[in-house]
């Protein structure tokens, strides 16, 4: 959630920055609500003060033997007016809060202005795409020749479209990838491995920004009742990991907090009908190793560079060509202030495809979660800055290996970094 000060003290500039990312802030409507808030807040305070004064006068009048009935009636009337004003103010604040919940984060000044992915800016490339001397197959056809290692037909029978059953060496390779990623991030990059619930409540989804705006993208498994909140399957481990700090005040000495987790992720892919219908690229259920950092405000942009670099290391160790892209204002996620995408080369598509998205959220999520740390200089709690990124999407990494490492005889070479995780197996044979 945006800092209310941005909307109260500099709404025109805030609207301009939001427009750069395609969001139209109704300045007139918000300004009108803000004026009403000021008026009601002032009236509520005046009524409170007046009632306090009158209440004190009752005691004095009673001590002097005066008739206090008129004063009691007056205080009672003021109390009724105060209750009405408080109720009206509460309703107005709820309206303002609802409006504010739908406003995305402000883009950082270093983010290029643009409408969509066509306006993203390439920062760098690593590795050279391989030149093949045979006809390249996509990952679906490659896996079909490897004991039908990616079985979409059976998954469709079991569940429906956009699911997969993995078997044999492909399933082992998928598991090896997740283990390799976790080991790299915990042993080389200083992250703490976490195991988290795959079901979360509405407060958690609100904290990281999925609710209320993106509820249709989620799988909801349990509706809210009088006894408690509903539960939804996690769309990313970012949700449970980041929400660990919800309603907490961390010791500054513990920062930065760096966490990683391997989880399945569940997304309805609402709005993606007809896109990437073949293969693993866009599934309802997919595995991902997530990276989350909780840092001091002054450290967040350096942390973004570091976190992105940690994801890059995985691609480099796997010897997969990729490029690093800075997203434009119109292509960033709802809560992001600045985002880098890492896109891996897929020879069957003859293009780069997203395999990781790394974002600095500033205090946008922390304000929603009330995730804070105690500043040792002021001894007062301040909002944390939160960052997250994929390190990496396991399924898409599997796709990249199957396509980039395929051989003319239908086999696939195992990346050297994964051989120890495959019990020494260097080739997956057809």
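Residue 1 is the first one shown; counting continues down the chain.
Glycine residues also receive a Cβ, built from the backbone N, Cα and C atoms like all the rest.
Since this is a predicted model, take the numbers as computed values, not measurements.
Binding of L-serine is attributed by Swiss-Prot to 236, 237, 238, 290, and the same site annotation extends, among 124, 156, 390, 411, to 390. Residues 41-60 are the range that Swiss-Prot records as region 'Disordered', among 41-60, 61-80, 81-100.
With DSSP states grouped into helix (H, G, I), strand (E, B) and coil, the region 'Disordered' (41-60) comes out at 20 helix, 0 strand, 0 coil. When the binding-site residues 269, 290 are compared by the number of other C-beta atoms lying within 10 angstroms of their own C-beta, 269 comes out lowest.
If you look at the region 'Disordered' (41-60), the same-chain residues 6 or more away from its ends with a CB under 8 A from one of its CBs are 68, 71-72, 74-75, 78-79, 81-82, 85-86, 89. Across the residues the record lists as binding L-serine (236, 237, 238, 290, 390), the two Cα atoms farthest apart are 9 Å from each other. When the binding-site residues 267, 268, 269 are ranked by how far their Cα is from the Cα of residue 238 (L-serine binding site), 267 comes first.
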